[in-house]
Every structure is written in C-alpha cells, then in structure tokens.
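Please read the structure below before turning to the comments.
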C-alpha cells in the first residue's frame, strides 16, 4: 500500500538533517577556506560543497538505498572483516580521535581564548577541556531531556546569530578579497574538495542515516521505495541550507583578510569577525552559544560511540566506555585545534576515498550483481593509492613511488589519483568473478546433490 508523507514532515526531517550536519565544529572550515582562497573563494567553495555537502547526503541516501540497518552490514558486502574494521575506524574518527576533541577545542577557541592574554600558556586549555569533557561525560551517562531542550532552544539561536553575522558580512564586507595562497592559487577547486574531508560528515552520515530511517519508520512508513523518496526530498532541503550557510561563511572569511589578516584557524576567524561587528559582547554571546552547541554535540557523539563499542565489547560497561572516551578526548584536545586538524588530514585523506568508493558501489550494487569481488577489487586499489596520499599528507613521503605516481597516474597531483585504480580494480574484480563463475556453479550443484 502506498504511504503518503506530508510535506511538513519532509521539511522537519530536512531541518533535522541540516542541524545534525551543521554542528558547531563544522562552522570553522568555510571561513578558513575563504581566508586562504581569497579571490578564488567561489571555485574553492564549489569543491568544498561537493565533499562537505553532496557526499554526506549521498552517503545517507546510499544507506537507505541498500536496505541495510547499519554501516557494518553495508560494509560487510566487501568482507565481514572489512565491515568490522572500517566501522571501528569510522567511529573512532567521528569519536575520540577527531570529532569529540574538536568540539572542546572549538568551544575554547571561540568562547575562551579571545578573552585571554597571549601569555596565558597551556593551563587555560587544560582546565577548560577537563571541565568540558567531565560535564559531557556526566550528561552522556545520564542522558535526559536537558540535551533535547538545549538542542531545541540553542539551534535556532545559533542559526539566527550566525545568520546575522554572515548577512552583515555580505552587506558590509570587512574588506576586499585578497590574493589566494598555497594550493588555492592553482587548484582551488580540488583543494576545496579535500578540505571538505575535514568536516567528517561523509563518515558521520552513515550513522545519521540510521537516525533518519528510524524517524521515517516511526511515522508508519515501511515501504523501502517511499522511505528512499522521503529521504531524497529531505536531503535536498538540508543540502540547500548547508550550501547557503557554508558559502556565505566562506565569503565572510575571504573578505576578512584585508583588515584581520590571515588567522590560525576558522574558530579564530569567527571570533574575530564577531568581535569586529558586534564588539566583545557579540563575541561573548557567540562563544556561549557555540560552547553549549559543542557540548550537546559531544554528548551525542560520546553516547553514540559508547553504545557502538559496548555492543561490540559487551563485557565492558557502557559507563566505563563513556569515561574512557571522555578522558581520551580530553588528552587529544590539549594538542590544540590547529594541531588536531593537521593530524586529522592524513587519516581522512586515506579514509575518505574508501568511503566515496563504498557509496558509489552501493548505488551500482544491482548493476554488477553485488559480487564481493567487485567491491574487493575496487576498494583494495582505492586503499593502496589513498594510503600513499595519506602518508604524503602526513609528511611521510616515499619519494620514488611519489615520483612514479605523479608522472603516470592521472589526477594524482590533485588528490584524485585513487579514482582510476578504483575503477580498474572493480573491473578486474568483475572479470575474476566471470572466470570463477563456472566453477562456482559446479560447486553449488554439488552442494544441492548432497
């Protein structure tokens, strides 16, 4: 039976998706992109939107399209071991390795650091992160209505204030756009494309997709086609909103360089711009809202990661895992926001191509009959190249291999060297399946006769 879904419900799901992706941690990347891209901001921004908006929404749609209930089930199409390892890596990335510590760092950079002297040293960050993650841990151990209330009140307030800042920056720009720096000079689109990895959203989308499907099913929608259609419409709404806010934040960052100079990270850009337009009180208000939003995000991530690892290791209690995650996140956060982003780049440079390949293989699943050989060939080849990309991004460069790839591998120098090997690997995998097909059929016949 065809199940109708109201437009108001689709809009609600769309805004829910927008709120999930437009977390406080992600606000920092478009302004920094704008600062570095300068007059090439729009070209870089398009690249950023492809991986920072388009890819996460495709990941959600892929999960829904697959009919699987979680990422591990989807990734196990490659191999059960791959499904386990990739899922663990994903939860570590969106959890204690990067996303959870980043929420504490962003809160400090916007809410506390602007009011400290340059001689303050590391002690304020240590004290703040200990308090921040202690509170986040306590709330994750006793999740209740407070998080829902804070989220419902805070999200509109945060969006309103950010909206006021960026609209003010558009109507009354701080200065003229300056010359681009670094890779933004010659390959702005592809640098923006890789900057979108830093949002972690394509990885988080595999978790958010489960939430969206559950919300749709609670409305009585169970037909897979209708769930997919509802999800597609909701992702379109979220995509338009995300693209708008990311674009204006990027422009705000680009226009700030003339008077504010090149700053260390995007959190400082937001804080300085807010202070420029609205004085110290504006900076304080922004800091309070961002801190509360980051706290809510941290609680959600600690809860999700603790639930996952408790299900994986049931002998370790949920509470113990939550405490471990909070303590580890506190330690990681104290390397500072700029260092944390720098450390995350090599890992995400390696993981994102694998996620991209998995997303598109999911959509093509029916076309190649869902053969594991295709998944394995494509992802193995993708992994090999992205591994070298990750090592290069981390400063561990195997010069001989780098020289060969730069000379002979298409698109390697723009960060897409994994694309052609992935396609070839998938084709080789399908060829292996065709070669093995007669023997597989013979084996199946023997089994049926036994």
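Even glycines carry a Cβ here, placed using N, Cα and C.
Check TrEMBL against the ranges 176-194, 347-365 and you find transmembrane segment recorded for 347-365. Most Cβ pairs under 8 Å to the transmembrane segment (195-215), among the stretches 153-175, 284-309, 321-341, 347-365, 377-396, belong to 347-365. Highest Cβ contact count with the transmembrane segment (321-341) among the listed stretches 7-28, 78-100, 120-141, 227-252, 347-365 falls to 120-141 (criterion: pairs under 8 Å). Away from its own ends, the transmembrane segment (416-435) comes close to residues 190, 193, 353, 357, 361, 368, 371, 373-382, 384-386, 389, 405, 409-410 of its chain (Cβ-Cβ under 8 Å, at least six residues beyond either end).
Among the stretches 78-100, 120-141, 153-175, 227-252, 284-309, the one making the largest number of Cβ pairs under 8 Å with the transmembrane segment (48-66) is 227-252.
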